[in-house]
Amino acid sequence: MRYFALTDLTKPTAKFTTDAMELRQISNAYLNQAQAYLQKGLKQLKKDYKNAILYTPKTEYKRFLKWKQTFLQDLNQTQKRFFIVRAQHFSYVLLFNLLDEQVEAVIATFNNFLDEHRLEAQSKQFDLDTAVNELHDYFDQLQKNTAYSEDLPTHLTQKTEQLINARNTQLTNLLNKIATTKPPLNKQQRLLASFRNYHEHLFLKNEVKKVTWLNEPRAKKESVTPDEEHIIELKNVYKYITNGVTTNAVLKGIDLKLKAHDFIVILGPSGSGKTTLLNIISGMDRPSSGSVVVNGQEMICMNDRQLTNFRRNYVGYIFQQYGLLPNLTVRENVEVGANLQRNPDKRINIDELLEAVGMKHLQKKLPNELSGGQQQRVSIARAFAKNPLLIFGDEPTGALDLEMTQIVLKQFLAIKQRYKTTMVIVTHNNLIAQLADLVIYVADGKIQALQANPNPKQVEDINWI
């Protein structure tokens, strides 16, 4: 039996809708599709592993059904969470972030179940001592990744210790029972597997509670003294994520200071945490623990509304997936960015921007009439038009050809020089790093190296071939 995957489900190609009824229809259709897929998978698991315990997969599936029913019943009241007021439309991106999170939680339990029982089905002879050592190693690894912060409520940290102590005691009792009763090897194997599943569930359930708490805004801390030299400062920053079943540390103990007016590049392999780092310093997300101070403001204390206001006042963001409003023309999309700048004198001339990115002759076109590279150019112009204090970009030149990449990068550097803007971008292109005042190398959620460049190159000085 093959593994389950979210990609087996079909999603709409559209990204936005202005019709609340359409939002409900899309939600209902997708959740029904997911339910049928998961129900079929659960039946197949029962058929293939009828003698195995299906407690966790079945329980998680039932939780999903209950959540689905509640979600659809309450959608008329809760649909505002998917509504972008500024653009007057519902976002399918926001909708499917929520729906997929629920479906993935069930899929994770199905796949974990498959992993466990495929291992059990291996032909090698079961050895109790080896299995117990593997069990200890597994739980040791779980404990190393436990979420922690000094801010955590005492009852959650104490619960972790209680679970560890109870598990050790119960394992000793189980091994004594096996030594006394000497059951067959296959029963010993089942007893240990059941023990692992049960205690893993308890441990991760508490971890999910901890991470959920950590990802909420903190109580307001003491006022931060602005650092005139460094516009961004991170101290011991962690970011944990959860799908409702398991947890993962994406950033691990990040310490970082970024100077104002610098051009900064973040490099790292896929899954290294570089986009998460960008999201946290740009106010797109909060850290789970530690301190993130941007322009003198402590980000971990901000609620969602305050983060939105922070981005509106100080940040321009160039999204990897463009993020253009589909019912607005090229020019109108750029004007949206410009209008976020409350001081009209600070706005950058839209005609000059469109000319610079080669889109002035297409300014009356809608996004669906443009290529991917053209949409990215509009996204870049929109971020620049506001003339924000900080500009962040997630692969901002990823969809551009070589010639336009160079044109856009020249525009980046010109705006930085003229307006003293601080710019931070994530990229896979090592050549772009030669333009940076500072290069941050990220791997496995940690900063592996910082490379300051006292004499950054100009675009025309780089061999782009």
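Including glycine, each Cβ sits where the backbone N, Cα and C put it.
Among the features that Swiss-Prot reports, ATP binding site is placed at Gly268, Pro269, Ser270, Gly271, Ser272, Gly273, Lys274, Thr275, with the record citing sequence analysis. For Ser270 (ATP binding site), applying a Cβ distance below 8 Å and a minimum sequence separation of six or more within one chain yields no residues.
What Swiss-Prot records for 232-465 is domain 'ABC transporter', and it gives sequence analysis as the kind of evidence.
Secondary structure at Lys274 (ATP binding site), taken from DSSP and collapsed to helix, strand or coil, is helix.
For the binding-site residues Gly268, Pro269, the greatest number of Cβ atoms within 10 Å around a candidate Cβ is found at Gly268.
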